[in-house]
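Right, one structure below, let's go through it.
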Amino acid sequence: MAKAKFERTKPHVNIGTIGHVDHGKTTLTAAITKVLALKGKAQFMAYDQIDKAPEERERGITINTAHVEYETDARHYAHVDCPGHADYVKNMITGAAQMDGAILVVSAADGPMPQTREHILLARQVNVPYIVVFLNKVDMVDDPELIELVEMEVRELLSKYGYPGDEVPIVKGSALKALESTSQDPNAPEYQCILELMDAVDKYIPTPQRDIDKPFLMPIEDVFSITGRGTVVTGRVERGTLKTGEEVEIVGFAPEPRKTVVTGIEMFRKVLDEAVAGDNVGCLLRGIQKNEVERGQVLAKPGTIKPHTKFKAQVYVLTKEEGGRHTPFFNGYRPQFYFRTTDVTGTITLPEGVEMCMPGDNVEMTVELISPIAIESGLRFAIREGGRTVGAGSVTTIIE
């Protein structure tokens, strides 16, 4: 059986379901595939297929995530759904599944619950830019005023965490009714809420800027000296494009970036005119000695990224079962922070009133590195100690 070819005809968007346990995230995910399958735009995935998601390892952390794909008339979607609450926390902080937008599922019968809040806060911290709400289980609420009340609560909660609560689309319905319906007609009344939701997702969550359209950045993995030609740095282009003859900055390990010109680009020993996001390339740098550039620095379009030493981050601390620490750590803890291609020592300051951090915790902290690194908001990192990963984090704010 030949593999189906991925046809890139529609814009692609990554989304996921978030929300409190038992509010219907997985039921909704299954219902979306069912209704879109009736329109010939998805393969139906039953609840059990999604719920028994295989374990994945991302940066040494075990995460259960279900990946589902489907299409609307407008776009192609990759949708992630996590069975357990801890899986969500890990998923969002490690960026195992980067989301361009999220569907927040809230039960109309219960209203917002603790994990509803936690997921909204996490989404904000790790830069999930847009949220669409599905108010589920409305068939279980007799009083329409109660539904209105829950809707107001959800809007207030979103506004509290920095989302435009008044503008966010809220679609009401019953995912279970849609999933259990026997109708083969995609326009049956019980499917309307699902079609309405996908229409809101199509319209409200913008197609993200592709990596190739962003400013050039390449983390340096290795440095070589080629006799008679100069210094070559190698790495995988993270974003943007680079043409021979363009000026770049070497950023990191020094207070100020250093400018140079890329005089040649090679891939698989062949000369390239242009490198694009995803390419593994070697770049020949003009006027740079081998000892003036090192792994852990980045090559970047001038003026687009600066070296920093101090930032705030949201961090998930691994449990001992995940290979993390067996004991808590305290204020002033000094592990290694692994950014892109290298480790840098840094000191942790916990928030006021927080004495220590236990394995399994999800915590906000301030970090001060001993040398400046090319950092920007949203950058992921691992916290390591003696070569093993003990935490995973995402930069939320740059301080200096």
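Positions of Cβ are set from backbone N, Cα and C atoms, glycine also.
Keep in mind it's a predicted model, so treat the numbers as computed, not measured.
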Under Swiss-Prot, the annotation region 'G2' belongs to which of these stretches: 60-64, 140-144, 155-159?
60-64
Correct range for region 'G3' (source Swiss-Prot, candidates 81-84, 245-248, 345-348):
81-84
Helix, strand or coil for C82 (GTP binding site)? Use DSSP.
coil
Please indicate, using numbers and ranges, the residues of the same chain that are 6 or more beyond the region 'G1' (19-26) and have a C-beta under 8 Å from a C-beta there.
47, 50-51, 66, 81, 83, 85, 104-107, 110, 112-116, 119, 134, 136-137, 175-176
Cα-Cα separation of T26 (Mg(2+) binding site) and H85 (GTP binding site), in Å?
12
Below 8 angstroms Cβ to Cβ, which residues of this chain, lying six or more residues outside the region 'G3' (81-84), approach it?
16-17, 25-26, 29, 50-53, 63-66, 68, 91
Apart from its near flanks, which chain residues at least 6 from the ends of the region 'G2' (60-64) lie with a Cβ under 8 angstroms of it?
53-54, 82-84, 87, 90-91, 94, 96, 316, 318, 322-323, 382, 388-389, 392
Against which stretches of its own chain does the region 'G4' (136-139) lie, if we need a Cβ under 8 Å and a gap of at least six residues from its ends?
23-24, 27-28, 105-109, 147, 172-177
